[in-house]
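Enquirer: Per Swiss-Prot, the feature active site, charge relay system maps to Thr41, His44. As annotated by Swiss-Prot, Zn(2+) 1 binding site applies to Cys39, His64, Glu65. The feature Zn(2+) 2 binding site is assigned by Swiss-Prot to Cys94, Cys97, Cys100, Cys108. The NAD(+) binding site annotation in Swiss-Prot covers Ile176, Asp196, Arg201, Leu271, Gly272, Ile273, Ile295, Tyr296 and is backed by sequence analysis.
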Amino acid sequence: MKALAKLKKQPGIWIINDAPIPEYGYNDVLIKIKKTAICGTDLHIYNWDKWSQNTIPVPMITGHEFAGEVVAKGDGVTSVDIGDRVSGEGHLVCGQCRNCRAGKRHLCRKTIGIGVNVQGAFAEYLVMPAVNVFKIPDSISDDIASTFDPMGNAIHTALSFNLTGEDVLITGAGPIGLMVVKIARFCGARRIVITDINEYRLQMARDFGATVALNVAPFKNQDELVKQMRKVMSDIGMTEGFDVGLEMSGINSAISMMLDVMNHGGKLSLLGISAGDISVDWGAILFKGLTLKGIYGREMFETWYLMTSMLQAGMDMNPIITHRLHIDEFQKGFEIMKSGQCGKVILDWSS
């Protein structure tokens, strides 16, 4: 089968045409891939950064955001049928630890990821345990379903706390941050402010309903950044701090600024992964009585049900997809992702 694989311990990704079709077991399904989306994690692997060097076995078929069709299944599978349109939860868990047995599979200590630790979805076929497979409603397109993984991250982050009527600060306007703007607006947030240094994506955020999309690139230090943010808050009629902070960037200055402008009793969801150490103002957390929640992946499968229901109720995520390419144009897709001048990039695996 055709696949994209990390074949060498250096920047890049390579297409192969002779990868074996994976074998499926008693409780597995074999999925024919229709669409995949390129994730920031895939870009890290492509660039072969320090995290990738320490994490990714080589050779490895990568990718974990997908939509496809069930073409075969093990004898023990009763939850899906051949012909079903599906996506799937890319975190594989042990099923035996305390959290798994308590129904908190997203907190499994032994989580491994498809396309990171085991064969991924950048291939014509993928094998996945049936328990990880999620059927796609007819009203949802393959393109949108291929983004369920990052959309689930956005849903988990945004809906960890009530957003209705609240003032929300989002730091980081990558594709997941942009999804969060859509979610917060759909859920009735009062004011939504988002920060980034990428003007292309900030304009997308404005189009998606952000009250203010602030380019923080011009500000030379933390004091200038906080001063400008307080001016923004005043300009839009805020007399107190933000009620909810959604941190998507992993950038030290963004986190510090967020802590500075949160209201007393504010709540923060933290999804962004830092490339290095983060200095934290514990005084702000303590004296403001802030609540912090770390986010890793999606709640299985409550997050999936929530995002499906919201899409069916009219939340429009189609504008997040800015580029659609055939798999043979994968190199162009990765270059577009590297440029940052995009939302989600979808790869079509049809012949």
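Backbone N, Cα and C define each Cβ position, glycine as well.
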Enquirer: What whole-number Å value do you get for the CA-CA distance of His64 (Zn(2+) 1 binding site) and Thr41 (active site, charge relay system)?
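Expert: Per the Cα atoms, His64 (Zn(2+) 1 binding site) and Thr41 (active site, charge relay system) stand 9 Å apart.
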Enquirer: With an 8 Å cut-off on Cβ-Cβ distance and a minimum sequence separation of at least 6, pull the same-chain contacts of Cys94 (Zn(2+) 2 binding site), or say none.
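Expert: When sequence neighbours closer than 6 are ignored, Cys94 (Zn(2+) 2 binding site) has Cys100, Cys108, Arg109, Lys110 within Cβ distance under 8 Å.
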Enquirer: For Arg201 (NAD(+) binding site), what is the secondary structure state per DSSP, taken as helix, strand or coil?
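Expert: Assignment for Arg201 (NAD(+) binding site) reads helix.
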Enquirer: Determine, using Cα-Cα distances only, which of these binding-site residues is closest to Cys97 (Zn(2+) 2 binding site): Leu271, Gly272, Tyr296.
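Expert: If we rank Leu271, Gly272, Tyr296 by Cα distance to Cys97 (Zn(2+) 2 binding site), first place goes to Tyr296.
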Enquirer: How many whole Å apart are the CA atoms of Glu65 (Zn(2+) 1 binding site) and Ile295 (NAD(+) binding site)?
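Expert: With distance taken Cα to Cα, Ile295 (NAD(+) binding site) is 18 Å from Glu65 (Zn(2+) 1 binding site).
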Enquirer: Taking each of the binding-site residues Cys97, Ile273, Ile295 in turn and counting other Cβ atoms within 10 Å of its Cβ, which one has the fewest?
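Expert: With the binding-site residues Cys97, Ile273, Ile295, fewest surrounding Cβ atoms within 10 Å: Ile273.
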Enquirer: Secondary structure at Ile273 (NAD(+) binding site) (DSSP, helix/strand/coil)?
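Expert: For Ile273 (NAD(+) binding site) - judged by DSSP and reduced to three states - the answer is coil.
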Enquirer: Determine, using Cα-Cα distances only, which of these recorded positions is closest to Arg201 (NAD(+) binding site): Cys39, Thr41, His44.
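Expert: Sorting the recorded positions by distance from Arg201 (NAD(+) binding site), the top entry is Cys39.
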